[in-house]
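Working notes, beginning with the structure itself.
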Amino acid sequence: MTETIFNDLEQVLSGQLKYNEPMSRHTSWRVGGPAEVLVEPSGMVDIKTACEYARDKKIPLTVIGNGSNLLVSDYGIKGMVLKIGKGLSDIEIDNETIMAGAGAKLSRIAAAAGAAGVGGLEFMAGIPGTLGGAVVMNAGAYGKSISQVLKRVSLINQNGQVSCQEQENIIFDYRSSSLQESGLIVTEGVLEGYLRDEKQIKDDMKDMGEKRRSSQPLNYPNAGSVFRNPPGYSAGKLIEESGAKGLRVGDAQVSEKHANFIINLGSATAEDILQLIERVQRMVEKRFGIRLKKEIRVLGRFLR
């Protein structure tokens, strides 16, 4: 069945197509079993074609960006995985307006805006993700989030129909949006900044980068913040005060540098990471009566 899907898609897609592709190659944690079929579209036509094929053949369709906030099961992902990346990564700047494909990395968008003297997007420079995923989860840093600079998004549904939504018609909350369970795929975003001195932008991004390097375990595979901050609290501080800092399951460890990060020390499995996440949740709940909510997205089947 999988070979048939692969052969069919090979005839109609111009982007990259991979069969039984290890998802560990596509997640920042470097864990995850095989995707039955992984499609890296070269553009909108490929996305539309892949969506229509999945619909017609009743194949499960999973959409990902660059895998920076994903925990994929050791058993992999059934059906088709559509990875929005280089094929939709163009960036255009017109005065204070930035148009970027969903596969454009946030760091590239922030750098391009800064080089054009457009400020307001500096916070994006240290977020390790692509625009599409960042919009869907309302990613943010340093007290700012994508929803604050977003004007509109272009979308495609899983029937291949294209639409556009203004920012005010999307419900955004802390690290979430109404797009998450909508079945809609972000293909492009329009962002709005403001004119600012290029050197000031560069200096601010440099300062943010230094803070990030000094406070986050960037020398190990990780997925950024694992838990959302509960209202009025820091998840990292709660984890630290619960005694979970440094806790380990297999080669998965709560970072000694930043307790809201779980790092892969070398050969962690997705199961190790999920078990550690659940242990941290129990420890924090027992100590403070607060159940931490995951900021990461969990995909695939786990032994539960």
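The backbone N, Cα and C atoms fix where each Cβ goes, glycine too.
Any TrEMBL annotation is an automated prediction that lacks curation.
The domain 'FAD-binding PCMH-type' annotation in TrEMBL covers 30-200. According to TrEMBL, the active site annotation covers Arg175, Glu295. According to TrEMBL, the feature region 'Disordered' maps to 206-226. Positions annotated as active site, proton donor by TrEMBL: Ser225.
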What residues in the same chain, six or more past the boundaries of the region 'Disordered' (206-226), come closer than 8 Å to it by Cβ-Cβ distance?
27-30, 68-71, 122-123, 125-128, 141-142, 235-236, 255-258, 260-265, 277, 280, 294-296
Please compute the mean pLDDT of the model over the domain 'FAD-binding PCMH-type' (30-200).
96
Secondary structure at Ser225 (active site, proton donor) (DSSP, helix/strand/coil)?
coil
